[in-house]
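All remarks here apply to the structure that follows.
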Amino acid sequence: MRLPMQKLLIPTLLGLAMFAGSVNAAAPLRPPQGYFAPVEAFKTGDFKNDCDAMPPPYTGSLQFRSKYEGSDKARSTLNVQSEKAFRDSTADITKLEKDTSKRVMQFMRDGRPEQLECTLNWLTSWAKADALMSKDFNHTGKSMRKWALGSMASAYVRLKFSDSHPLANHQQESQLIEAWFNKLADQVVSDWDNLPLEKTNNHSYWAAWSVMATSVATNRRDLFDWAVKEYKVGVNQVDDQGFLPNELKRQQRALSYHNYALPPLSMIASFALVNGVDLRQENNSALKRLGDKVLAGVKDPEIFEKKNGKEQDMKDLKEDMKYAWLEPFCTLYTCAPDVIERKHGMQPFKTFRLGGDLTKVYDPTHEKGNKGS
């Protein structure tokens, strides 16, 4: 007796669907398409090699003063003296972050081997020294660790996935660097995992971004899953009006900190989406709600003043770079024409904590100028 064709097809299609699901779970992690861009040119001839003296690998205690030292629990009043102490004590770490980002951008533009070698030498030296791995840390110290990891790993992703394969002849350095990134990411997970909700704020989102960038750089599905978990915790804190209760506590800096929460969340959602995990609808599209609330607040800060009773400090929000999150955000959601117009007026967005030039990655047709951070 012959079975009808549709009865034969049902289990076959089910099997295919299950197979596709398992393949997706096992597929190597990847970044968004813009990270596959080739090096623009391979320039030759004389040039000024600006590979400075490498900052010495930071292997000391991660006990740093907070720039809000002495402030009340709102952590909203800057302490100029302690901020200077913080900047001084973390200068070598910040130089590594900024110069890695800058040099990767230069290499992707000019293709000079000296630019690549400088970056890899610095990262390899810090990796060999097990830098930034101290177990003696305070809140500011563990914050520096995850910021630095996010900066380095997200810049490195541009090298690793470029269609020009610049790391092909640098296997040994790549292995050392990636092993160090993995150790740092494991420590970041330990530093920030399972915090009580009242202590989960923008810091946790930035920690999750650093772990997401590392997961793609090193193909670690466990790190990817942790970043997704933390993202969900974060966007489930967004209320139905688009506010983050823990950032509203920052008084006159509430709007700034809502804005500061958006870059890591938007990048995580973007990286997750290309790996088959769609987070856009989480908590009724909470990320979209948060982004829209911030854009409305920038236009009319009284929205936030009415919510928490404090006139908002708009100083930070006058810098174009603070809106770099619009690049991934406007690929995840449909941005209104006035938002797109504003985005184009501020481009290119270059920010070292997200790995460099996001306009080059997400909106390359609008790449222009030499702005950057």
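Positions of Cβ are set from backbone N, Cα and C atoms, glycine also.
Swiss-Prot annotations:
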type    : residues                             : note
SIGNAL  : 1-25                                 : signal peptide
BINDING : Ser66, Lys67, His139, Thr140, Tyr257 : substrate binding site
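Cβ neighbour count for Lys67 (substrate binding site): 19 (other Cβ atoms within 10 Å of its Cβ, all protein chains included). The 10 Å shell around the Cβ of Thr140 (substrate binding site) contains 19 further Cβ atoms across the protein chains shown. Taking a C-beta cut-off of under 8 Å and a sequence gap of six or more, His139 (substrate binding site) has these contacts in its own chain: Ser66, His203. Those residues noted as binding substrate (Ser66, Lys67, His139, Thr140, Tyr257) have their most widely separated CA atoms at a distance of 17 Å.
Within its own chain, Tyr257 (substrate binding site) has Asn201, Asn202, Leu244, Glu247, Arg250 as residues 6 or more apart in sequence whose C-beta sits under 8 angstroms from its own.
Over all protein chains present, the Cβ of Ser66 (substrate binding site) has 17 other Cβ atoms lying within 10 Å.
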